[in-house]
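The structure appears right after this line, and notes come after that.
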Amino acid sequence: MVEWIEIQYPIEYSEAYKMMKSRLTGILNGTASEAVFILEHQDVYTAGISAKNDELLNCYDIPVHHTDRGGKFTYHGPGQIIIYPVINLAANGRVKDIRNYVNNLASLVINSLKFFNIIGITVQDTIGVWIDSEFGRKKIASIGVRIHKWITYHGVAINVCPDLKKFKGIIPCGDRDTIVTSINELLDQKIDLDYYKAILKQEFYKIF
């Protein structure tokens with residue numbers, strides 16, 4: 001079974017990246033098992049390999065990290081749950097198909113949102129999970145991955161209760177029309193992060 005590793009405090013992006021890469025190397029050389037890291041980050045803007053400089057509007061003294069994942073700019077911070085699976089798509093009956101893997105990550109989020117009667121959707125020609133509300137379409141989760149020798153790293157970020165104002169420092173995912181939301185904003189109440197993490201763990205093992 002894939003090892004589930006939960007970090008109990010917001011960590012720097014660079015620390016999480018080192019953990020992912022170390023686990024990936026261990027899987028490749030046979031010294032480590034597959035793992036999922038679930039955590040929150042300290043405030044950071046991350047830029048994927050497709051990010052453009054003019055998509056960073058105002059960093060608000062928030063650190064900026066350029067990464068090797070797919071995608072453009074996004075924000076990570078406390079109140080946003082991050083899932084970083086480091087798993088082998090060539091093993092355990094999985095499919096060596098990146099699009100299928102990204103779709104499975106979206107399904108994980110969509111299934112978890114059902115516990116709160118929130119209907120998550122995917123949108124053609126975009127990556128991530130969205131919701132349709134009376135105020136229009138809003139993004140609730142971002143997905144950005146990289147695959148090395150069919151081993152995955154990076155992953156998905158789900159807005160539970162982050163400071164949504166901090167998304168205004170970037171053009172999220174390169175789309176000026178993107179409006180972000182969170183579970184707490186949609187419910188107009190706080191949910192317990194540990195409860196939500198337990199849901200994600202349950203739903204992850206159903207898919208992967």
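Glycine too: its Cβ is placed from the backbone N, Cα and C atoms.
What Swiss-Prot records for CYS173 is active site, acyl-thioester intermediate.
Positions annotated as substrate binding site by Swiss-Prot, on the basis of sequence analysis: ARG69, GLY70, GLY71, LYS72, PHE73, THR74, TYR75, HIS76, SER142, ILE143, GLY144, GLY155, VAL156, ALA157. Long-range Cβ contacts of TYR75 (substrate binding site) within its own chain (separation 6+, distance under 8 Å): ASP43, VAL44, TYR45, ILE62, PRO162, LYS166, PHE167, GLY169, ILE170, PRO172.
Residues or ranges marked as domain 'BPL/LPL catalytic' by Swiss-Prot: 30-208.
The annotation site 'Lowers pKa of active site Cys' is assigned in Swiss-Prot to LYS139.
Fewest Cβ neighbours within 10 Å among the binding-site residues ARG69, GLY71, PHE73, GLY144, VAL156: that distinction goes to ARG69. The Cβ neighbour count for SER142 (substrate binding site), using a 10 Å radius and every protein chain shown, is 28. Other Cβ atoms within 10 Å of the Cβ of LYS139 (site 'Lowers pKa of active site Cys'), summed over all protein chains shown, number 21.
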